[in-house]
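Remarks on the structure that follows.
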Amino acid sequence: MADTEPSPLFVFSTIAIIISTFVIFYFVQQSKKNTPVLKPDTFQKFPLIEKTRVSHNSSVYRFGLPKSTDRLGLPIGQHISIGATIGGKEVVRSYTPISTDDELGYFDLLIKTYENGNISKHVDSKKVGEYVEIRGPKGFFTYTPNMVKSFGMIAGGTGIAPMYQIITAILRNPADKTKISLIYANVTESDILLKSELDKWAEEHPDNFSVHYVLNEAPENWKGSVGFVTPEIIDSKLPKASDDSNLLLCGPPPMISAMKKAAVGLGFAKAKPVSKLGDQVFVF
């Protein structure tokens, strides 16, 4: 019997099937990567994989995700909740990671340990390899590139965390032209968290980012401001109130109360009891 060559239609169909199978396999594999891990209503256990002390009472805690290709799944500007049973009671506190979803396989939390802080002491007591229970995301602020022309930010202490996350997202995106002006208040110079990173950003992105430090107790030859954040400092260091400029606040309650009052005096809208996306003044 003479050999017969396969018909062109058969060859084409076979190639099409092979290509289709490969494409389907590729997208299935891709869908398994970069999987968001967080669940808003369910606490999940995440292992502590690294702890870095950044001041006498604050540390950056790095927690691992199930796979090295996983992402936390937290929109920029939102936060997570840490839960624990302490003294027979369920205690929950919210924190904003300083990492973004660009980091795969882990996320970082900046936490200050307070003497009476149940959750902060609970986290600080953990050793590498031990677990913390976390759920999320939560919050009413979700950052999108170029959502405003400029952000004025006022942070106190660990209130730098949500600001740091937003700044990171903006400066990493060449297409994002948002300008950021930050006032960061602390008690002493040693209390300034992430200072080297902030100073580096200010040096590398002078057209998009500036930072001004305020200390209650300043050393000699201090180049920042001394005392409290005043309306005069806000007026000179942050963008003026406008439709294209938002003011973001995060810090101790007494400070935030004073900042909201100062903002109104400078022409900003009065901050609402619960801030929502789109508010001219947003309190984390």
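Placement of Cβ uses the backbone N, Cα and C atoms for every residue, glycine included.
Listed in Swiss-Prot:
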- 124-139, 150-182: FAD binding site (BINDING)
- 41-144: domain 'FAD-binding FR-type' (DOMAIN)
- 8-28: transmembrane segment (TRANSMEM)
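Taking the features listed in Swiss-Prot, we show where each one sits on the structure.
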{"residue": "Asp124", "record": "FAD binding site", "Cβ contacts under 8 Å, 6 or more apart": "Ser59, Ile111, Thr113"}
{"residue": "Tyr131", "record": "FAD binding site", "Cβ contacts under 8 Å, 6 or more apart": "Lys45, Phe46, Pro47, Leu48"}
{"residue": "Lys138", "record": "FAD binding site", "Cβ contacts under 8 Å, 6 or more apart": "Pro40, Gln78, His79, Ile80, Ser81, Ser94"}
{"residue": "Ala155", "record": "FAD binding site", "Cβ contacts under 8 Å, 6 or more apart": "Met163, Leu182, Ile183, Tyr184, Ala185, Leu249, Cys250, Gly251"}
{"residue": "Pro162", "record": "FAD binding site", "Cβ contacts under 8 Å, 6 or more apart": "Gly77, His79, Thr96, Phe141, Leu248, Cys250, Phe284"}
{"residue": "Ala169", "record": "FAD binding site", "Cβ contacts under 8 Å, 6 or more apart": "Ile76, Thr100, Tyr143, Pro145, Asp176"}
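Other C-beta atoms found within 10 angstroms of the C-beta of Asp176 (FAD binding site) number 15, with every protein chain shown included.
Counted with DSSP, the domain 'FAD-binding FR-type' (41-144) comes out as 7 helix, 49 strand, 48 coil.
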